[in-house]
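Asker: Below is one structure. I have some questions about it.
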């Protein structure tokens, strides 16, 4: 299922639809139209971000003057660096903690045999699909008792104890690694821990990269969590949370708002361009087949 | 890739051979060691809060003072005495029906176009997927700006092609939910990639056989493509339903930013603006629990939300289980 995406070219020759030039033109025209639909909003954002604030009040789409300094002005309007620090803290710690605890759990769920393993896997799926709002009330009370509301720790700590989506994704990936290598290592007397460390980890690098990317992006984009725990305390705001109030609180026009929006989008897009393969692989793996 | 439960060989090959019972005990300890942190997390952040939510739903609680038992009063109020909750439930149901349908159909459509391309697949795939990377808050801001009724490029374009009174989008109660739906479709690249993988995975021999039988494009789609990708489409439906049930960020940020309020978006008095048309069930739950601190009432809403989403989860797990049972290995 994943290999198909890696090498679509090999399979394309026998795809349905005939080979006429007309067909080629039709399909490519639709693709280009769709592509414009996906790209134009991003283009308009970028153009607006470098306009003057006067011009954003008009319907002109092309900047009259190119104000690149808008991007710098965003940092002057709001403590963006502090928000950036908070975002990096949340996403970085959560991703590191997730890897440390979810990899062994995924290994036990895919490569060790024990009674109740299937049941445990379905529990992981159920936990992964649970809307975060459902458990918010008791958890909020719990963290408030511990005096941690107003900080991002209530969001980071759960990742130190495994993340269900990551466990699911990693398990799916570990299942695709041939058993023979691990068996050979076991025959040589390796403990399960060494099998995981020496055999599975190096072979599962793309899957682990995908899980880390998704975890990082999910936390980077998270709005509900930071709002719930840090909404009252601007010193703890993340970029996503701050961005939502940027226009209202700082009384700025759309040009600066769009410049800030692009800055918040940037890390995700850069990560994607560098690790496109891992992304596509990881996404494909979430589409549980059967 | 399959969710097939593979048979791991017993970890028995390791010398020196220990007595069977001791070996089994040690194996159990190893498994437990690997699972320990996640097990703790499962108990603390899944089991405990689920049980506690149900308990709180039968109490009046402000989160500070000890909860006071009120029986079914929260549920009675939720089902009969709270017109805003009814509006919120309607809005969420609207998203479940409309967004789920359109999202799956749209993702299938874009994936089909990609599957038919003879050149530039990688390029177009990247372009189609790119918006899915935008953080939800950022994408919402972008759409509120683009669909700004007065000066936004969308309405400027509509006027240019002769539509004199284009819709108010995020500022019109009748158009706010459709605007949010458009936003979600723009960002639906992940589902598209999942469906594309399934489409490319359909054995080409099946198409060739169908073509030999004289099947036209529609017939091929109906009888070859659709049955082959049905499991992935079911995943897409369940995934979209759950996404719609917990729909919060875009609705809250969209309403608040479009209203132009100078407040922290999630704490806005304008949640649900315009006219409660974007007030989703989770948004009302959030207001009740964490703005008004009616935590018992919020817990009752959580329980209701949980029951509905759990029903969807069961559908998916059943599907996975039957596949695991038949050992559908690929």
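Glycine too: its Cβ is placed from the backbone N, Cα and C atoms.
According to TrEMBL, the record shows the following:
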type	residues	note
DOMAIN	A:84-275	domain 'ABC transmembrane type-1'
TRANSMEM	A:21-47	transmembrane segment
TRANSMEM	A:88-107	transmembrane segment
TRANSMEM	A:119-143	transmembrane segment
TRANSMEM	A:155-174	transmembrane segment
TRANSMEM	A:195-220	transmembrane segment
TRANSMEM	A:254-275	transmembrane segment
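Context for these features, please: burial, neighbours, distances.
Answerer: Within the chain carrying the transmembrane segment (A:88-107), a Cβ under 8 angstroms from the stretch's Cβ atoms is held by residues 152, 155-156, 159-163, 166-171, 173-174, 192, 196, 200-201, 208, 211-212, 215-216, 219-220, 222, 226, 238, all 6 or more beyond its ends.
Remote same-chain residues near the transmembrane segment (A:119-143) are listed as 109, 149, 153-154, 164-165, 167-168, 171, 224-225, 228-229 (criterion: CB distance under 8 Å, separation of at least six residues from the stretch ends).
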Asker: Quick test of the contact rule: Cβ under 8 Å, at least six residues beyond the ends. What residues does that give for the transmembrane segment (A:195-220)?
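Answerer: Here the qualifying positions are 87, 90-92, 94-95, 98-99, 102-104, 107, 111, 155, 159, 163, 165-166, 169-170, 172-174, 177, 181-182, 185-186, 238-240, 267-268, 271, 275, 277-279, 281-283, 285.
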